[in-house]
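*Asks:* Sharing a structure here in structure tokens format.
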């Protein structure tokens with residue numbers, strides 16, 4: 001009897017060890033998690049007017065066991081967050097956008113901040129960074145169109161210049177003694193990188209100098225050159241542009257592999273967004289049987305992104321009345337589905353992508369109460 005009682009003990013111990021190991025792997029330090037989220041989709045992709053990143057931070061150290069995904073953080077959603085004991089909310093739309101002058105119980109957004117801090121829950125928002133990302137919201141929306149090729153309507157620029165500085169100064173120097181003086185002077189200016197190569201003007205051997213300069217350094221370079229005009233010739237000052245990023249940017253211009261009638265495209269969009277109704281403005285001279293080959297889309301509010309784009313169909317969450325009239329007058333069909341209905345479905349894909357990106361180190365859950373505030377009645 002004694003031996004039969006003892007035998008199960010190792011099994012019990014192994015089970016406890018397993019629980020301990022799993023528990024030890026199921027959290028991340030907040031700072032490490034934020035770094036991983038930025039690796040997934042850089043906040044530098046966001047529009048300059050947007051309010052993205054960590055918006056509410058509990059006092060450190062703060063560890064995250066459960067990441068909670070929602071499109072909008074409402075008070076109803078916050079109740080769900082607290083019930084599910086989440087440690088960090090990823091709210092696609094930033095619940096804090098305009099500056100807050102006080103944090104009181106008077107308004108719902110202030111109450112969100114209070115409840116988050118009282119319960120040690122962080123709030124993070126990626127918003128337009130996820131709109132622009134190659135694997136982001138607009139790419140997900142394009143998946144509902146059928147087989148197609150797509151590119152950003154407004155490509156994003158790289159966060160940094162490819163070389164030091166945002167200006168380039170180029171000029172020729174004739175004589176060796178002049179070259180030594182010029183090189184000594186420009187290399188002594190902070191924020192300047194120098195390259196040179198041989199050049200020929202007519203029968204004369206010269207040296208072409210290239211200076212990449214910061215804005216501050218440019219002023220010093222120009223000052224030196226203006227005081228030593230005899231040393232150089234053939235000067236050019238160029239303003240450098242940050243390079244465009246491939247597959248990254250606002251909106252998507254999608255060209256279908258095979259054109260379909262508008263009625264078929266409507267069915268595809270409804271199925272992808274899981275909607276029984278959408279709103280349609282037929283372009284002038286168009287019918288439900290008109291062919292669709294090119295679709296310009298923008299999740300959320302698409303007026304500014306889609307304006308002036310040549311396409312058979314605009315797809316977005318919302319557009320102003322007059323922008324719809326302008327598009328329809330040009331024969332462009334317009335489909336609007338309500339703002340967040342063109343975004344929320346992305347969160348399911350995001351959960352899977354983040355799970356893989358974070359190597360399943362934390363729990364990731366989707367809100368069950370988050371929904372578009374508008375409904376058809």
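For all residues, glycine too, the Cβ spot is worked out from N, Cα and C.
All TrEMBL annotations are machine predictions without curation.
The divalent metal cation binding site annotation in TrEMBL covers 93, 131, 339, 343.
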*Asks:* What is the total of other Cβ atoms whose distance to the Cβ of residue 93 (divalent metal cation binding site) is within 10 Å?
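*Replies:* I count 17 other Cβ atoms within 10 Å of it.
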*Asks:* So if I measure Cβ to Cβ from residue 339 (divalent metal cation binding site) and keep only same-chain residues at least 6 apart in sequence, which ones fall under 8 Å?
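*Replies:* Spatial neighbours, sequence-distant, of residue 339 (divalent metal cation binding site): 300, 301, 317, 318, 372.
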*Asks:* Other Cβ atoms within 10 Å is the metric here; tell me which of the binding-site residues 131, 343 scores highest.
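*Replies:* Checking each of 131, 343, the winner is 131.
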*Asks:* Cβ within 8 angstroms of the Cβ centroid of 93, 131, 339, 343: which residues besides those meet this for the divalent metal cation site?
*Replies:* 71, 92, 127, 137, 299, 300, 301, 317, 340, 342
